[in-house]
Amino acid sequence: MAQIRIHEVNTRIENEVEVSKFLQEEGVLYEKWNISKLPPHLNENYSLTDENKAEILAVFSKEIADVSVRRGYKAHDVISLSNSTPNLDELLINFQKEHHHTDDEVRFIVSGHGIFAIEGKDGTFFDVELEPGDLISVPENARHYFTLQDDRQVVAIRIFVTTEGWVPIY
């Protein structure tokens with residue numbers, strides 16, 4: 001279950017109902033998908049082949065199709081980041097630059113953890129700490145950045161309206 005940390009006051013929201021309510025009020029789509037469907041050989045696997053990525057997409061194809069129909073998404077892929085990723089530190093520096101997109105930024109966490117820091121409606125930032133099974137959609141034009149948690153590894157399904165709209169605007 002995702003957790004929220006509000007930057008300015010350093011308070012946390014950990015209750016599932018309160019997390020969902022907070023994100024809904026901020027215009028952030030949050031869903032919990034059934035991660036137990038993931039085959040054991042793909043659980044915590046950060047060295048994915050193209051076949052592994054296709055299998056992950058197949059396992060969650062119903063959920064991807066459902067959210068895509070509801071939200072107008074048209075493309076998806078799988079990304080894996082870990083300490084074995086070439087230039088991981090350089091990638092994280094780029095990810096941590098505050099930016100926005102002209103489309104939603106959608107991630108479903110398959111393995112590992114990630115944090116989206118999002119500028120709230122009141123102008124203050126909050127972290128959404130994600131774990132396997134969490135799906136988040138950062139709304140278009142919302143200022144945000146992404147980073148990894150202490151384990152420095154994540155496998156995520158990325159879902160797009162268009163890949164062109166996903167280009168960061170700093």
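From the backbone N, Cα and C atoms, a Cβ is placed for every residue, glycine too.
For H99, H101, E105, H144, the entry in Swiss-Prot reads Fe(2+) binding site. Look at Swiss-Prot and you will find H99, H101, E105, H144 tagged as Ni(2+) binding site, backed by sequence analysis. The site 'May play a role in metal incorporation in vivo' feature in Swiss-Prot is assigned to E98. For D104, the entry in Swiss-Prot reads site 'May play a role in transmitting local conformational changes'. What Swiss-Prot records for R107 is site 'Important to generate the dianion'.
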Residues satisfying Cβ distance under 8 Å from H99 (Fe(2+) binding site), sequence separation of at least 6: R143, H144, Y145, P168, I169, Y170
Where H101 (Fe(2+) binding site) sits in the secondary structure, as DSSP reduces it to three classes: coil
Cβ neighbours of E98 (site 'May play a role in metal incorporation in vivo') where a neighbour is any other Cβ within 10 Å: 12
Rounded to the nearest Å - Cα separation of D104 (site 'May play a role in transmitting local conformational changes') and E98 (site 'May play a role in metal incorporation in vivo'): 15
Cα-Cα distance linking E98 (site 'May play a role in metal incorporation in vivo') and E105 (Fe(2+) binding site), given in Å to the nearest integer: 13
Ni(2+) site shell beyond H99, H101, E105, H144, criterion: Cβ within 8 Å of Cβ centroid: H100, V138, A142, R143, Y145, F146, P168, I169
